[in-house]
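Contents: one structure, followed by commentary.
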Amino acid sequence: MKFRIATPAALLAAIALTATACGGGSGSTPSQPSGDGKSFEFWSFSGINQKASVDEYHKVNPNVQVKLTEVGGSTETAQALTTALAGGKVPDLVLIQGDDLPKFVQQPQNFYDLRQLGADKMKGDYLDWVMSQSTAKDGSIIGIPTDVGGMAIAYRTDLFKEAGLPTDREEVGKLWPTWDAFIETGKKYVEKTGKAFIDNAETSVFYQAVNQGPQKYYDPQGNVVYSTSPQVKTAFDLSLKAVAAGISAKQTSFTEGWSAGMGKGQFAVISAPSWLLGQIRRNAPDTKGKWDIAKIPGGAGNWGGSYLAIPKGAKNAKAAWDYISKMQSPQSQLTHFLDSGSLPTTPSVYQDPKLIAKKDEFFSDAPIGKIYTESLLGLKPFYIGPDSAAIGQEFLNAITSVEQGKGDPAKAWDSALTNIKTAIGK
Amino acid sequence: MTATLDRVADAPPITTRVHQSVGERIAPYAYIAPFFLIFAVFGLVPLLFTFYVALFDWNPIGEHVFVGFDNFTRLFGDPRFSNALWNTLSIWLLSTLPQLVLALGVAHLLNHARLRLAVFFRMSMLVPYITSVAATAIVFAQMFDRDYGLLNWLLGFAGIGPIDFKQSVWGSHLMIAVMVTWRWFGYTTLLYLASLQAIPRAIYEAAAVDGAGGWKQFRHISLPSLRPVIVFTIVTSTIGGLQIFTEPLLMSRSTTCGAIRQCQTLTLFLYEQAFGQFQFGYGAAIGVALFVLIILFAALNYVLSTRIRPGKS
């Protein structure tokens, strides 16, 4: 095999290509959004039913053509957007998941500042802390929130009955005012039935508990504080405690085993942000009516949520903005919630009788609107930084390795910190 | 004499003749040009561009800061890189060796003169190869599942407790290797078979008359004639093995391939850094390191396979 050193000319050509390829992205904001307002291209991710919103919009605006593409999961969509932004051929409207948002907020020059299109007037409609996550350092708003997570515990009433535990959702909620009480309940369940209580400790305990406080991985000024934040350490220790208590089925979330275990009653509870309810319905259709939803230990918190943004190079920003302003109004978010269960980001509809009356048949007619909006109201917002997802992933991995019997619980915290430092360099 | 001169004068102008020969000289280059042009655009330029990006702290949608060889310095001190390297080599060995040996044996069997339904068996070798890798991954992930997998169910009868393949280092490597072997051994078998078919059957018949059994025939007739194709399959499977990506990603559903990165290969690590963490410069540095490794391995393979010859009778 022969390998020739490239000629300087080829190298120069490559560099020249680079220079031109990276020219896009910057530039001043046009005062008028582009396009004739007749059509726009919309990238969403699957599983969130944006098709319903688009159909709704079509009824009111039959003349506007919406080209909706479901790129893939939320991560794939964010990756595709990154590639599109670097290459210069972008969609007019894109849905970005909350965890992926900080990286884009750090580079606001890639997006329309929605204040100039009228976001200034509507921003009061949305939860302050949700809005602040899509507000860049320079004050520009790059995304309008479509939904939030909201937290609760989904549990199997039939399995609770077998274990001699109460099945009524109010009484179940009273079993676990704190995470410690939750773990104790789990121990009782395991003693009685010999089966696992939770699906896994890393998402059902750590990811929930770490989202319930004022300071997660960053302080309000944007400095990384994951190693000193008491909220993080407490959540980490709680999850190790759950592992040590032997209440976990050790099923990693979103895997085949996890989906199968859900249908076969391998575990009795899952921490379920509102968007997870759809996964339970899809993975375990035969368990309809056997589930119910109770309050989460430790009170309010949020996990997840998405935003709509308009990339700077969009050809039809005008039409895209019209879609955002019409479909993300409080009334439209309420309609979307009633159709598909995505929790509104607009607190003005939280007291709406239709939202409060919304019951879910699959989950024993649990009043999901009421339960999830209540979990948001006492929430203490925290700053989400560009490396939040990477930091969270390393903590999660450290707990998983202990849970799977590969890691030493005494060293788990230190090894997590080392891995985070390797990963993000600080 | 004059006639000759006249004829020279009547001859077509010399320029045309030169013109034709230039065309003839250029033509072959024009015929092969498409490949080299396409290679330059889709092969060489991206390759050089990768070398270039590796020298930067490169955010795809933000700043590009020149950092020189910092990415490489960081790479050599990164435990995740050495972990990915060992994982890759381990999976490659576990999948390549059994695959080639198995293919060799099956090819020999399929070449048997008295095999009934030979075409059916030969064609069925291709089934794993034409099956979508995603479908294969789903089936294998279910078979190897800790709680609901077929394999652990069978092991249960033998009194062996459930093995958590996905979570352990060796288990996950084995699982991926089995999948790679299953997918590729049929393809390799057919390559070997094609080579075996080229050997005149009379040679085998003569050997049989001389009293050589199946093993001796294989050892002294089949194996030597297969040498070039064996070298070819070793080189291609080395390159493929070092670039293994889809199988571990689909089996684990994560770019880290498990909580302790137990099956994260070099390409998965590259993908995680570049497209997961948006560190394109660091990702490119991993790509360059991988490129160098493949060149080294290919060279090593070449040297070894030209030196080592199967024994002659």
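Numbers here mean position along the shown chain, with the first residue as 1.
Every residue gets a Cβ built from N, Cα and C, even glycine.
All annotation found in TrEMBL is predicted automatically rather than curated by experts.
The domain 'ABC transmembrane type-1' annotation in TrEMBL covers B:85-301.
Annotated transmembrane segment per TrEMBL: B:29-55 (among others), in sequence order.
The transmembrane segment annotation in TrEMBL covers B:89-111 (among others).
The transmembrane segment annotation in TrEMBL covers B:123-144 (among others).
Sequence-distant contacts of the transmembrane segment (B:174-194), counting only residues of its own chain at least 6 positions beyond either end whose CB sits under 8 Å from a CB of the stretch, comprise 91, 94-95, 98-100, 102-104, 106-107, 110-111, 122, 124-129, 131, 133, 136-137, 140, 144, 165-166, 226, 229-230, 232-233, 237, 240-241, 244, 247-248, 251, 263. Per TrEMBL, transmembrane segment is recorded for B:174-194 (among others).
Sequence annotations record features per position, and here TrEMBL assigns transmembrane segment to B:226-245 (among others). Long-range contacts of the transmembrane segment (B:226-245) within the same chain: residues 88, 91-92, 95-96, 99-100, 103-104, 176, 180, 184, 188, 191-192, 194-196, 265-268, 271, 290, 293-294, 297-298, 301-302, 305-306, 309-310, each at least 6 residues beyond the stretch ends and with a Cβ under 8 Å from a Cβ of the stretch.
With a cut-off of 8 Å between Cβ atoms, the residues of this chain six or more beyond the transmembrane segment (B:280-304) that come close are 47, 50-51, 53-60, 64, 67, 71-72, 74-75, 81, 85, 231, 234-235, 238-239, 242-243, 266-267, 269-271, 273-274. Residues or ranges marked as transmembrane segment by TrEMBL: B:280-304 (among others).
Long-range contacts of the transmembrane segment (B:29-55) within the same chain, counting only residues at least 6 positions beyond its ends with a Cβ under 8 Å from a Cβ of the stretch, are 66-69, 71-72, 280-281, 284-285, 287-288, 291.
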